Amino acid sequence: MCITVDEFGETAPKIGFLHTFKKSEFLIKCWDPEEEDLHSTAVDEETVERLKSNLKELDRFLGCYPYDTWNQWKELTNHITPAIVERCSPICGFVRSALELEHCTDAARPRGGESTPKRKKRSGITVEEKEDELLPDMKPKPGTELRLSKIPNKQYPDDATPNEITKHSLDSSYALDTFLKKLPLPMEVLGEMQLAFVCFLVGQSLDAFEHWKKLVSLICGADSAIPERRAIYYEFMKALETQLMHVPEDVLCDIVANNNFVYHSLRKLFANIELNSYVDGRLKSYAMRFSERLTAKFLWDFSDLQEEDEDEAPVVVSIE
């Protein structure tokens, strides 16, 4: 990642790129000091060969590789394959902490009292969706965004009955299976989760962070899919534990909802694993040890998993 500081000490948005290096590979990226940006044009072969032949002289200008964090980096990226990097990287080739947004027309701005297509599909609406409707429909400039797989907007089929809608709303297995079928391999969901996380951790991409949050919620909210996707859930818990060691707890808190979304998501996951009779003992044992380690580090309470959270419990109205 590259970051610039002006004469007043103000920092510009970060910019970087994703690349899977091969043995003895020599890669050159040019920095434009006037634009404070990386060049997207490739360096000519003559320049590459000239610099390669002078590599020993270049060494003293290069920064030391942080070997003290090498093992941590491997744990954070062990599911990210070259294919995932190629598939999910922005077309422009660079990952930016602040995307360039396209201006929207005045007609695209929301109007108070008008119903949107999203609202017509259902009567309920979340706080996040309500806020989203109040904002202009700003979109990233084409080719600059991460090409992460789209997570289903609905958790149930189009022809679902009311009972099925309730079932799929309580168990995100249908939405998870729909998402996994779009991937070249189901296990690549872990690679996408890790890629989104490191783009946030290193590249400060909030869009990547939002995608990571949605993936965590999607995986944790499934119940019937756990026995069938056992390998995914085992590796998911390992990957998530590593990630949680690298972010402050307050980053995980939803300012609007005033809660820790990871904690609430994991309560659902641990409850589903504990109560699902088709989940094998080894996975249940690993989930229990994982919850104990989280309790020791963050003081998160995972007791009484069978009890519903207060914000999800049924509302009882007394009629006199």
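Note: Cβ is positioned from N, Cα and C throughout, glycine not excepted.
What TrEMBL says about a protein is an automatic prediction, not a curated fact.
The compositional bias 'Basic and acidic residues' annotation in TrEMBL covers 136-148. The annotation domain 'AAR2 N-terminal' is assigned in TrEMBL to 4-90. Residues or ranges marked as domain 'AAR2 C-terminal' in TrEMBL: 149-303. The region 'Disordered' feature in TrEMBL is assigned to 108-157.
Confidence for the domain 'AAR2 C-terminal' (149-303), expressed as mean pLDDT, is 93. Residues in the domain 'AAR2 N-terminal' (4-90) partition by DSSP class (helix H, G, I; strand E, B; coil) as 34 helix, 8 strand, 45 coil. DSSP states for the compositional bias 'Basic and acidic residues' (136-148), grouped as helix (H, G, I), strand (E, B) and coil, give 0 helix, 2 strand, 11 coil.
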